[in-house]
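Chemist: Per Swiss-Prot, the feature (6S)-5,6,7,8-tetrahydrofolate binding site maps to SER111, LEU112, LEU113, PRO114.
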Amino acid sequence: MRIVFMGTPDFAVPSLQRIASENHDFEIVLVVTGRDKPRRKKNALPEPTPVKQSALELGLPVYETDDPSSAEFASVVLASRPDVIVVAAFRILPPAVFSIARLGAFNLHASLLPAYRGAAPINWAIIRGEKVTGVTTFFLQEKVDTGSMILTENVTIAEDDNATRLAEKLSVKGAALVVETLHLINAGNVSVKKQDDSLASKAPKLTKENTRIRWNSRSAELCDFIRGLAMKPAAWTTMDGKTLKVYKAVPLESPISLPERGREPGLVYIDDSRLLVGTVDGWISLQQLQLEGKKIMEAQEFLRGFRYENREQPLLLL
């Protein structure tokens, strides 16, 4: 079976590797990925995508594009004569491309569809406090993330999972699901299930605005929000006029002695080893953070170097 594989980030790499390992059944004739990104360091070579890096290590042909709607790209895919197109964390494909594959094109999506359709399903599942998520393979159609489902696999979200750790778990589960899907297609034994649109939910693209911490929330919700955005792009707030990224926080369970002014959302309270922030129903302890211009630090290290000049005024995170 001739396969064109399309993907860009780390999430897609295990799927590419699993397909390549089964070369007695599958032949990857082309790997499509995004273009190399320029590095910040002067005179440094552009940085290849994780998928390109893996493909080159596997000795596979690579085509780079940031415009899957171009006529040139469609011609390249057509010339590859794919039986199947496999997509994992790539751009939106037009019908002119995904219809080229003789046996169809399918996508690996990091949720249990129709839940969390969209660009950031891993993040939003954690942010919304889900205990279980999963991976789905489905045939592509013109409307994004709505095609008929082939296989699904549940994955438990652990209490200490952040988006990075959950993505790693889902990528491994997803790779196995991709290979299983390919075997079903190869055997002509695929059965599909239509998505129930009434059960659909959205996982919109992460932006500067929707990753900002809103302190007027409950402690548990804030901690889910923070771990759902860690380690990238990271939940953020402002401290004394500077951007503060927060990577880990936990609700405060033991009582503390509070200053007379009491608690309010965003109010900072510092003791010898903890940086506490008020919420609508309690306090959370910020455990890993990064102030603008500084490295990522644990709270104790951060507090050793932290100076707040206006001690008479409460320090608020905004």
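Glycine is treated like the rest: Cβ placed from N, Cα and C.
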Chemist: Could you check the binding-site residues LEU112, LEU113 and say which one's CB has the most other CB atoms within 10 Å?
Modeler: LEU113
Chemist: Beyond the listed site residues SER111, LEU112, LEU113, PRO114, identify every same-chain residue whose Cβ lies within 8 Å of the center of their Cβ atoms for the (6S)-5,6,7,8-tetrahydrofolate site.
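Modeler: Here the non-site neighbours turn out to be HIS109, ALA115, TYR116, ARG117, PRO121, GLY134, THR136, ASP145, MET149, THR152, GLN195, ALA200.
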Chemist: Please determine which of the binding-site residues listed here (SER111, PRO114) has the lowest count of neighbouring CB atoms within 10 Å.
Modeler: PRO114
